[in-house]
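For reference, the structure discussed in these notes is given below.
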Amino acid sequence: MSSAAYIPDEGPRPGETESVTVRVPAKVNLALSVGPLRSDGYHDLATVFHAVGLFDEVNAAAADTLAVTCEGEGQVEVPLDDTNLAWRAAELLARTVGRSPGVRLHLTKGIPVAGGMAGGSADAAGALVACDALWGTGLSRDDLHVLAAQLGSDVPFALHGGTAMGTGRGEQITPVLARGEFHWVFAFAHDGLSTPAVFHELDRLREAAGEEATAPGVEDELLRALRAGDSTLLGAALRNDLTRPATSLRPDLRATLQAGREAGALGTLLSGSGPTCAFLAADAVAAATVAAALEAAPSVRAVRRALGPAAGAHLL
Ligand SMILES: C[C@@](CO)(OP(=O)(O)O)[C@H](O)COP(=O)(O)OP(=O)(O)OC[C@H]1O[C@@H](n2ccc(N)nc2=O)[C@H](O)[C@@H]1O
Ligand SMILES: Nc1ncnc2c1ncn2[C@@H]1O[C@H](COP(=O)(O)OP(=O)(O)O)[C@@H](O)[C@H]1O
């Protein structure tokens, strides 16, 4: 046998890479406006996604079969079977390019599980980019975006990163002009919250109050604050329609939001469908003060500081 021959089980095929690692950011929705329930079970959204410097990493290594392992933040709550979004991403990519889905995916989590920061979506986006590189499939970013939208509403933004408008069910992404850097503090809760349960609670509360949901939209004030890179204006413009249903399901979140407000945050916000709470601070010193106050709050499990915006899924 020549030394160049491919030996199954002993490494990658010619042209393939042995192992690659992709870093993917968490997101917070600076605005989240939710329209009426659609016939397909989703809601039309107008949202401003903002990627922040809390990351998951996805390592993809050549293997004969598909397997997922995980370490880090919330690892025991992460499924390791075909319900894992990274697993589903690898399968979808393999099916699309007509190859076997053999890969070992190792997730290193920094994003809280079921925290409203799109950690599962980050892993799906990371697996798409990592497997594309490992397998040398050479798909374009547009091709990956189409696959991402099939995996979940938040997955396209995890590929994109930065600050961007999301419409449709959140999967249609348009960049937003944003200047400067923002200082964020995140308070993780003791338990996660289910995204469908929060949307369902919103519908229930609207129906009980006889409210008619209107077409979703983002206020100009928020876009102006981003264009100007003005933290004070941005803090005052933060909006999330899922705050009411999430705090209805988890009243302790009100105490978390209050603790950050009292510690001088310029703005307080539920991250996505929660339960993570996000606090915008004027600068690094103010962020440290807000973080210290939140660390003492009984409703808070852990506190992280991060800068935004952060880059989308990228190879290390
Ligand atoms: C609320 C948001 C805000 O960015 O993020 P998270 O808080 O989950 O991170 C997203 O809309 C979540 O996106 P993602 O977590 O990808 O949701 P998907 O898997 O697409 O949908 C899960 C379920 O959420 C509900 N859903 C989701 C998106 C949407 N526009 N309308 C909905 O009603 C539906 O019940 C759907 O079955
Ligand atoms: N790679 C993954 N990381 C985290 N959770 C995952 C993953 N794949 C599937 N899940 C499932 O998705 C649910 C939502 O997780 P996540 O994406 O972290 O939260 P959110 O939708 O609130 O942003 C989890 O409870 C978990 O069961």
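Heads up, residue numbers simply count up from 1 along the chain you see.
Every residue, even glycine, has its Cβ placed from backbone N, Cα and C.
Quick look at what TrEMBL annotates:
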- K27: active site (ACT_SITE)
- D154: active site (ACT_SITE)
- P112, V113, A114, G115, G116, M117, A118, G119, G120, S121, A122: ATP binding site (BINDING)
- 84-162: domain 'GHMP kinase N-terminal' (DOMAIN)
- 223-296: domain 'GHMP kinase C-terminal' (DOMAIN)
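Positions of the features from TrEMBL, shown on the structure.
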| residue | record | Cβ within 10 Å |
| --- | --- | --- |
| K27 | active site | 33 |
| P112 | ATP binding site | 24 |
| A114 | ATP binding site | 20 |
| G116 | ATP binding site | 30 |
| A118 | ATP binding site | 32 |
| G120 | ATP binding site | 27 |
| A122 | ATP binding site | 35 |
| D154 | active site | 29 |
K27 (active site) and A122 (ATP binding site), Cα-Cα, nearest whole angstrom: 9
Cβ under 6 Å from ligand 2: qualifying recorded positions of K27, P112, G120, A122: G120
Candidates near ligand 1 among the recorded positions K27, P112, G116, A118, G120, D154, judged by a Cβ under 6 angstroms: G116, A118, D154
Entries of P112, G116, A118, G120 which, being binding-site residues, have CA atoms within 10 angstroms of K27 (active site): G116, A118
Helix, strand and coil totals (DSSP H, G, I; E, B; other) for the domain 'GHMP kinase N-terminal' (84-162): 47 helix, 8 strand, 24 coil
Three-state composition of the domain 'GHMP kinase C-terminal' (223-296), taking helix and strand from DSSP: 43 helix, 11 strand, 20 coil
Confidence summary for the domain 'GHMP kinase C-terminal' (223-296), mean pLDDT rounded: 98
Where K27 (active site) falls in three-state DSSP terms: strand
A114, A118, G120 screened against D154 (active site), Cα within 10 Å - retained binding-site residues: A118, G120
Cβ-based neighbourhood (8 Å from the centroid) of the ATP site, residues P112, V113, A114, G115, G116, M117, A118, G119, G120, S121, A122 excluded: A26, I111
